[in-house]
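This report concerns only the one structure given below.
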Amino acid sequence: MLLPIIASAAAAAFATLITSLPTSANHVVHEKRSGSSNWSPVRDAKLDGRITLPIRIGLTESNLHRGDDILMEVSDPASEKYGKHLTAEEIIELFAPAPESIDIVRNWVVSSGIESSRISLSRGKNWLNVNASITEAEALLRTEYKIYEHTTGQKHIACEEYSVPQELSKHIDLIMPTVHFDTKIVGDPERRKTKRDPQAFKPGNSDNNGWLPKKGPTISGPGADPDVAPQPFALTTCNTQITPDCLRALYNFTNGTLAKSSYAVVEYTPQAYLQTDLNLFYSNLAREIPTGTAPILDSIDGGVDQTTTQSFDDNGESDLDLQYAIALVYPQEVTLYQTGDLVEGASFNNFLDAIDSSYCTSGGGDNPTYDATYPDPNSGGYKSRDCGRYTPASVISTSYGSNEADLSAAYEVRQCNEYMKLGMQGVTILYSSGDNGVAGNGAECCTKAKCAGGTYNTGKSGTFNPSFPGTCPYVTSVGATQIVSGASVTAPEEACETVIYSGGGFSNVFAMPSYQSSAVKTYFANHKPTYTATQYNNSQTVRGYPDVSANGANYVVAVDGSLSLVYGTSASSPTFGSVITLINEQRVNAGKAAVGFINPTLYANPTILNDITSGGNQGCGTAGFTAVAGWDPVTGLGTPNYGKMLSVFMSLP
C-alpha cells in the first residue's frame, strides 16, 4: 500500500487484533485541523450539547498494505497478470475490515455510555454509524465542537482535533464530522456559484473561478465579438481555434469505428448541457454525428440535465466535456454521470457511492455535514439514494477538483484508495490538474510551508497549493498544452500559457509511487527548481503531478446558442480520455481487457507520448515550474500519440 506522507490509519498494516475492551486511558490525537482559510470559529457561539450529531467512524480496511502491489500486478506492463482485473465482489471481500476491528471499536463506543441500538454497521462493513449527542461525542473523542463560519456566511460544526485510545488508532481510519472542511457551500445565491469541487460544489461564478473552464470571445452567433474576424474551421487555423479535427491531427488518431468500449463523463448538478448546443456543435464541427445525438444519462441521486438556468456558468463545463467526448469517440456512445439533485448537489463521494456499493454506507449514507444527504428531505429533493446503481465505465473523466489543503489527509487517503480499487477493476480514472499553475483553486496560495495550516493569499505570493484528487497516485492527472502562436498543427506544442496555466506540482500528502520514481528522480537530477521548501515540497519523495497533458486552449464550443472559445484543463481531461477509449475499443475487439490503470504503462514507455519542453505554470508570485525534456510538473510525460500508444497497449496481454 502506498503510504501517505502524513501519518494515517488508512495506511497502517494490521497488527494482531483483540476484541476485548481497551483499558488504557492513553489517548492520542488521531487527526488535527490543518487549517482552511475560508472557515473560522464563531466567537461566543455556544452549542447545545443535547443536539444529535451523526458520527461516522471509518474502520481501517484489511489488506490495504497489499493494495498497491495488487494494482500493480494487473497494471504493470511487465507483470504476467497484466489485464487480469478483479471483480467488484472480489475487491469487497479483499478489503473488508477484520471482524475484530468492528468489535473493538463498537465496544469502545458502547463503553462510553452510548447504547448499541444507536450504532449500526454500513453495508460495506467499513463504517460504524453512531447517533450521539454533542456532549457524548465530545466525551468520546476528547474534543470540543465549535461553530465555524465560512466567508459565505454558512455555519458548520467541527473541531480543531480529536483523540482516540492508542490501542484503537490502528483500527480507525477517520471519524466525521470532526476536522474536515469539505462541506458543500450553500451561502447566499451569488456566492453559491463558486465551483470549487464536488465536495463544496456549485458551478462556476461569473469570475470563472476554480476549475470552471474560462470563456474567451464569442466567434459566431448571438453576442459575437465584433473585434474577432471569422475564420474557417480548418487545420490551418488550429493555432487560434481548436476543433475535433485539430485534435485528431495533433494526436494522430481518427474517428472510432467499433463502438466496443465504454466512456463516461462526470458532471454535477446544476451544471448541465443543452441539446441545442450539441446540435449546433455537430452542424459546424462534427457533421458525421446526427442531430439529436445525446449522451446516455445515468442519473445519480436525482441528477438532472436542468435547463431552467442557462449561461456559461451553468452550461459551459458540460457543453465542453460532452461535445468533445462525443465527437472524438463517435460512434462510441458516451455516458453522462449526472450527479446530485437541484437542492442538495453532490460530492465526489456521492458519485463513488453510485458506482461502488461497498463505498456506499447504510443508515443515512454519507455524512450530511460533508456530502449531500440522500434521500433528500428538502422540498423538491430526490427521495431515494443511488448506492451501487451503476457499473463503472472503462474510462471516466472528471474536470473538477479541490485544494489538497482543504481536506484532511485521512479523508484524501480513503478516497484515493477507492480510486485504487476502481483501477483493480480495470477502470481508467482521469482528473484535470487545474487552471492556476502552481496556485490552488481560485488562484489561492498558502501562507505556510507545505500548506500546513494558516490562510490563503489569492493571486499573491505564497506557498504552492497542490490539487486533489490529482495528487492521488491512483488517478491519471491531466495538464494543459497549447499550439505555439503562429505554428502549424503538426509542430510541437508548449505548456498552456493562454488564459490558463496548467496545474502541477508536488503533493503534501502522498508519497511518490514506484511507477513514477525514475521519472521524478531524473527531473530533479537534471532540472531541480531553485525554490526552497518554503514554496513547495522539495523532499523529492512525494507524488508529482500531472501525469500527462493535452491541449487546453482555444476550444471552439457551442454554449447557449453561440460558438465561443474556451480554455482549461477541463478540455484536456476528456480529450485524453477519448484517446484511451479508442485504444480500449481496439483491445476489446481483439478479445482483450480494457487498459485500466494506465500510469505504469505510460511511465514505462514515455516515448509513446509527445514530450513538451517549453512553457511554464506560473502562480503564487513566481514563474512556477518549467516544462523540460522528460517528465515535469507542468505537462507530465506529455501529450498522447495514439499510434504509438496503441502499438504498446495492443502488445500487452
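Here the Cβ of each residue, glycine as well, is placed from N, Cα and C on the backbone.
Feature list (source: TrEMBL):
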type	residues	note
SIGNAL	1-25	signal peptide
COMPBIAS	186-199	compositional bias 'Basic and acidic residues'
REGION	186-228	region 'Disordered'
DOMAIN	241-652	domain 'Peptidase S53'
ACT_SITE	GLU317	active site, charge relay system
ACT_SITE	ASP321	active site, charge relay system
ACT_SITE	SER570	active site, charge relay system
BINDING	ASP611, ILE612, GLY630, ASP632	Ca(2+) binding site
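Between the listed recorded positions, namely GLU317, ASP611, the fewest other CB atoms within 10 angstroms of a CB are found at ASP611. Between ASP632 (Ca(2+) binding site) and ASP321 (active site, charge relay system), the C-alpha separation comes to 26 Å.
Neighbour density for GLY630 (Ca(2+) binding site): within 10 A of its CB lie 17 other CB atoms from the protein chains shown. Excluding the listed site residues ASP611, ILE612, GLY630, ASP632, the same chain places THR613, ALA627, VAL628, ALA629, TRP631, THR635, GLY636, LEU637, GLY638 with Cβ atoms within 8 Å of the centre of the Ca(2+) site Cβ atoms. The local packing around SER570 (active site, charge relay system), expressed as other Cβ atoms within 10 Å of its Cβ over all shown chains, amounts to 29. In this view, ILE612 (Ca(2+) binding site) is surrounded by 27 other Cβ atoms within 10 Å of its Cβ, with every protein chain counted. Non-local neighbourhood of ASP321 (active site, charge relay system): VAL265, GLU267, TYR273, SER397, SER399, SER570, PRO574, each in the same chain, at least six residues away, with C-beta under 8 Å from its C-beta. Counting in whole angstrom, GLY630 (Ca(2+) binding site) lies 31 from GLU317 (active site, charge relay system) by their C-alpha atoms. The number of other Cβ atoms within 10 Å of the Cβ belonging to ASP632 (Ca(2+) binding site), over all protein chains shown, comes to 30. On a Cα basis, GLU317 (active site, charge relay system) lies 26 Å away from ILE612 (Ca(2+) binding site). Across the structure, GLU317 (active site, charge relay system) and ASP611 (Ca(2+) binding site) are spaced 28 Å apart at their Cα atoms.
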